[in-house]
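Marked as active site, 5-glutamyl coenzyme A thioester intermediate by TrEMBL: A:Glu292. Positions annotated as CoA binding site by TrEMBL: A:Gly267, A:Val268, A:Gly269, A:Asn270, A:Val271, A:Ile362, A:Asn382, A:Gly386, A:Lys406. Per TrEMBL, the feature domain 'Acetyl-CoA hydrolase/transferase N-terminal' maps to A:12-168. Here TrEMBL flags A:321-467 as domain 'Acetyl-CoA hydrolase/transferase C-terminal'.
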Protein chains: 2
Amino acid sequence: MERIGHRALRDRVMSADEAAALIRPGDTVGMSGFTGSGYPKAIPPALAARIDAAHAAGEAFRIKLWTGASTGPELDGALSRADAVEYRLPYNSDPVGREKINRGEIDYLDMHLSHVAPMVWEGFFGKLDVAVIEVTGIKEDGSLIPATSVGNNKTWIECADKVILEVNAWHDMRLEGMHDIYYGTALPPNRVPIPMTHADDRIGQTTFRCDPAKVAGIVLTDLPDRNTPFTPIDDGSRAIAGLIVDFLEHEVRMGRMGEGLLPLQSGVGNVANAVLDGLRKSRFEGMRAYTEVLQDGMLDLLDSGKLLSCSTTALSLSPEGAKRFWAGLDDYRDKVILRTTEISNHPEVIRRLGVISMNGMIEADIYGNINSTLVMGSRIMNGIGGSGDFARNAYLSFFVSPSTAKGGKISTIVPQASHVDHITQDVQVIVTEQGLADLRGLSPKKRAEAIIAKCAHPDYRDGLQDYYDRARAGAYGLQTPQLPSESLSWHQRFIETGDMRPG
Amino acid sequence: MERIGHRALRDRVMSADEAAALIRPGDTVGMSGFTGSGYPKAIPPALAARIDAAHAAGEAFRIKLWTGASTGPELDGALSRADAVEYRLPYNSDPVGREKINRGEIDYLDMHLSHVAPMVWEGFFGKLDVAVIEVTGIKEDGSLIPATSVGNNKTWIECADKVILEVNAWHDMRLEGMHDIYYGTALPPNRVPIPMTHADDRIGQTTFRCDPAKVAGIVLTDLPDRNTPFTPIDDGSRAIAGLIVDFLEHEVRMGRMGEGLLPLQSGVGNVANAVLDGLRKSRFEGMRAYTEVLQDGMLDLLDSGKLLSCSTTALSLSPEGAKRFWAGLDDYRDKVILRTTEISNHPEVIRRLGVISMNGMIEADIYGNINSTLVMGSRIMNGIGGSGDFARNAYLSFFVSPSTAKGGKISTIVPQASHVDHITQDVQVIVTEQGLADLRGLSPKKRAEAIIAKCAHPDYRDGLQDYYDRARAGAYGLQTPQLPSESLSWHQRFIETGDMRPG
Ligand SMILES: CC(C)(COP(=O)(O)OP(=O)(O)OC[C@H]1O[C@@H](n2cnc3c(N)ncnc32)[C@H](O)[C@@H]1OP(=O)(O)O)[C@@H](O)C(=O)NCCC(=O)NCCS
Ligand SMILES: CC(C)(COP(=O)(O)OP(=O)(O)OC[C@H]1O[C@@H](n2cnc3c(N)ncnc32)[C@H](O)[C@@H]1OP(=O)(O)O)[C@@H](O)C(=O)NCCC(=O)NCCS
């Protein structure tokens with residue numbers, strides 16, 4: 001209760017069940033949460049239970065669910081399992097949600113994260129009924145101390161008719177002051193420049209404004225973030241990391257960047273952590289990060305003193321990482337800045353800063369088009385997230401992946417991408433454990449030669465070369481030779497036989 | 001000669017042949033020119049003749065050619081015909097050049113126009129040897145009065161070892177003062193906000209800086225821009241324009257925009273002119289344009305008083321349009337602003353202003369992915385140009401096309417795009433003469449239903465519905481149901497039979 005500074009609001013404390021009862025069938029609900037942190041953990045399971053009961057009684061009850069990005073099992077997992085979600089945006093990585101989406105049971109709109117807040121404000125998605133936001137605390141004036149992610153919370157709080165808060169005592173009160181909530185955005189024609197010129201500039205305030213009259217309920221919790229265990233770095237990831245560090249060293253030698261590089265953006269996952277580990281062991285000094293998620297590797301890099309600061313919209317730590325983060329909080333406070341996704345992913349800022357962007361992929365085709373989302377062109381993995389915001393506006397955009405998936409049965413380098421998230425114009429460097437293809441300045445056919453030679457797995461290299469040679473001889477045009485009769489046949493073979501390799 | 005204010009530079013006047021002789025085999029040459037205006041018209045043909053002679057003598061002679069965007073027959077046409085171009089960026093619409101590219105004889109890098117200047121500065125494409133720039137005049141201090149397009153000229157002049165100028169007396173001297181050349185760009189980490197908040201803000205100077213010591217030659221000309229004749233508006237284009245105007249009226253009624261709309265960007269071509277004509281006849285008042293090209297329809301709109309100003313990087317007029325433009329110049333001077341492509345296409349500015357973007361397409365697939373460039377996935381039409389800069393950052397991005405091409409033998413709505421330039425996330429509205437699909441907020445399957453029902457031609461609608469139904473029943477995943485065994489079969493059928501319709 002002492003986390004609720006605003007006296008009058010103490011009266012709105014209620015149980016998770018009571019709070020869940022404030023949500024009506026058909027409501028559009030904006031919840032906090034970004035990569036498994038800062039999402040509400042008590043109300044969603046209570047809502048799922050309520051919806052389960054309604055369904056058992058033969059009543060229709062589903063909601064439209066908006067978040068910052070992915071959340072945790074208590075939110076996407078519980079609600080998906082209860083068939084409670086009719087519509088979902090902008091990102092999901094929950095396995096239960098994914099399964100329902102891929103069975104066609106949830107309408108899923110996979111969006112550029114930088115588009116979400118503006119388009120909601122512009123009214124393109126209709127009205128937001130309820131916001132359910134996890135916070136660290138409520139101040140005396142009713143303003144809210146954000147939790148371990150910011151995401152779209154500012155927008156949900158401002159746009160929703162009513163706001164329900166989860167005040168989570170698991171979050172250290174010293175988080176206060178780490179956030180940078182920028183209130184300078186507007187709708188056109190009233191937009192102005194975002195006054196940021198360095199990755200670690202602070203341009204906003206440390207709390208969310210919130211009209212106490214809109215707060216319909218408050219639930220007190222003490223529950224940990226998702227905090228997925230960390231997997232040790234494997235050889236393939238280490239090889240990719242080594243290639244990237246070598247390449248960046250080359251760029252520094254060419255005089256294109258200083259020893260501090262340019263602000264780093266890195267996706268989540270094994271390869272990303274390996275790259276951060278590689279940078280920690282490199283000779284670079286005075287680096288900064290401008291990214292969406294702060295993972296364990298970033299903590300190591302901060303601890304090493306080589307990374308001066310990290311701007312992010314969310315923490316995404318392992319359980320050990322979270323422990324370290326709380327233990328070292330007095331140190332991290334000045335180095336870590338948590339921003340709204342509207343700013344962390346803003347094309348204006350990313351292009352101005354000249355971010356070095358490194359993201360994972362599902363597959364790349366020989367011309368350098370990237371599929372980040374849809375396995376075999378149809379089955380969603382997670383979503384595009386912020387990868388498009390970063391890749392198109394980056395100073396250098398890297399896409400990385402092992403050269404094969406599923407024990408070698410899938411080549412991640414294919415004749416034609418079965419779906420495209422990042423067009424070849426947005427991709428400067430592709431890296432697999434086989435090698436690095438520097439695509440800058442290369443026309444499509446030169447790209448194909450580089451990608452096949454450098455990135456493809458030996459099991460698939462000859463097949464790609466053979467396809468490319470035949471396309472060059474017989475395609476409808478030779479700017480980007482493709483044979484539509486067989487450019488997706490590798491995917492088709494996998495669907496039919498479970499292996500892209502001819503039987 | 002009186003157009004060369006700088007006395008000492010008068011000594012550098014020479015013939016086009018002499019100027020062409022300053023270009024060496026293997027040079028990278030940056031030429032002016034954007035959509036058929038402001039390109040050099042005397043030196044390229046002289047260079048082509050010189051290269052023809054070299055080739056006849058058995059000598060190797062090719063250059064790497066960079067421009068703003070498309071040029072004219074005297075430039076791309078003459079040089080392509082002479083097999084003088086080894087490498088070309090960032091855009092081509094010349095038929096001879098296109099043919100050579102599609103035969104694999106020119107290495108063509110089709111780029112986002114907003115990427116060109118920054119990446120050249122960043123050193124990603126190597127050194128620029130020579131700049132060949134058409135100008136209206138040279139001032140006493142050696143600064144240059146730009147011509148009818150700005151494009152990348154500022155960058156070419158600054159980056160090239162030597163500069164060759166064509167001073168073209170065809171351009172009215174009253175052009176001086178219409179240009180806005182912004183010198184505030186920089187390389188990261190030194191970039192700052194672009195200080196523009198309205199489409200017609202002036203933020204730069206009216207001339208190009210140019211070190212007279214770098215000027216290696218000056219050629220005097222009096223030659224018209226390409227100025228392609230205007231084709232009268234056809235019924236299909238008029239239908240598309242009507243649907244767009246209705247849609248915008250609806251948005252105004254919903255309170256999402258005022259009567260002046262938001263700044264307009266429109267591509268070139270028949271449909272674009274029809275839309276401008278529709279806007280002229282609409283009830284909108286106080287409009288502004290923030291675009292890449294000013295075509296005849298924009299003049300009409302300016303003349304009507306409904307368009308207050310037009311920011312562009314180039315004029316692209318018919319011969320009659322050009323005559324009108326010169327005749328009305330005293331009036332247009334205050335309303336037309338010619339900027340560098342770096343600024344006209346800058347994501348920061350486009351997103352801030354909230355541009356309404358309208359571009360043509362080759363094809364759209366049922367999920368709303370757009371192909372703007374590669375017929376049957378392989379054969380280049382023109383290039384992506386600025387369409388990606390605008391579509392991703394627009395307030396509303398429209399893609400428009402007749403529902404069929406080649407007399408009905410091609411459906412421009414297909415199961416899967418044979419190439420993707422604009423991912424579905426960057427497309428809010430698709431319009432054909434059949435109807436308008438408002439895709440905002442729709443998940444992929446809802447998009448497919450809207451696009452098939454609203455945009456497809458009746459000859460192809462059942463085929464698309466049948467494909468979609470079967471994909472929904474049998475795809476590998478149901479987020480974006482596709483059947484890789486047949487998603488490109490319509491293209492394959494056209495390649496084999498010349499018709500997408502089953503025989
Ligand atoms: C593309 C993406 C899924 C790769 O994830 P990752 O953790 O880096 O890479 P992994 O190699 O571990 O692959 C993850 C899964 O995808 C599978 N996969 C990868 N490539 C595949 C392919 N071509 N075909 C089928 N499955 C594939 C892997 O087998 C693995 O599956 P599993 O979880 O069942 O083992 C991930 O980067 C992503 O979601 N990207 C889009 C959003 C984004 O870029 N966010 C970054 C911040 S902006
Ligand atoms: C896509 C684009 C080619 C359409 O051009 P347009 O003039 O608006 O439209 P049209 O319908 O007249 O089509 C132009 C040609 O493409 C052909 N075409 C159109 N769709 C086609 C398709 N699906 N398959 C084959 N050919 C097609 C037309 O038949 C026509 O050919 P022709 O010149 O031989 O008669 C053009 O908009 C473009 O180049 N866009 C990319 C760059 C851009 O968007 N710039 C805008 C400024 S940022």
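Glycine too: its Cβ is placed from the backbone N, Cα and C atoms.
Looking at the shown structure, can you explain where the listed features end up?
Under the three-state DSSP scheme, A:Glu292 (active site, 5-glutamyl coenzyme A thioester intermediate) falls in the coil class.
On its own chain, A:Asn382 (CoA binding site) has A:Ser70, A:Tyr91, A:Asn92, A:Ser93, A:Arg98, A:Thr373 as residues at least 6 apart in sequence with a Cβ closer than 8 Å to its own Cβ.
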Whose Cβ, among the binding-site residues A:Gly269, A:Val271, A:Lys406, has more other Cβ atoms within 10 Å than any of the rest?
A:Val271
So if I measure Cβ to Cβ from A:Glu292 (active site, 5-glutamyl coenzyme A thioester intermediate) and keep only same-chain residues at least 6 apart in sequence, which ones fall under 8 Å?
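Correct list: A:Phe34, A:Thr35, A:Ala69, A:Leu113, A:Gln265, A:Thr312, A:Thr313, A:Ala314, A:Thr341, A:Ser344, A:Asn345, A:Gly385, A:Gly386.
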For A:Val271 (CoA binding site), which of the three DSSP-derived states applies: helix, strand, or coil?
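Looking at the DSSP assignment, A:Val271 (CoA binding site) belongs to a helix.
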Are there any residues at least 6 positions away along the chain from A:Gly267 (CoA binding site) with a Cβ closer than 8 Å to its Cβ? List them or say none.
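When sequence neighbours closer than 6 are ignored, A:Gly267 (CoA binding site) has A:Val293, A:Met358, A:Asn359, A:Gly360, A:Ser387 within Cβ distance under 8 Å.
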With DSSP helix as H/G/I and strand as E/B, how many residues of the domain 'Acetyl-CoA hydrolase/transferase C-terminal' (A:321-467) fall in helix, strand and coil?
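Taking the domain 'Acetyl-CoA hydrolase/transferase C-terminal' (A:321-467) as a whole: 57 helix, 39 strand, 51 coil.
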Could you pull the average pLDDT for the domain 'Acetyl-CoA hydrolase/transferase N-terminal' (A:12-168)?
98
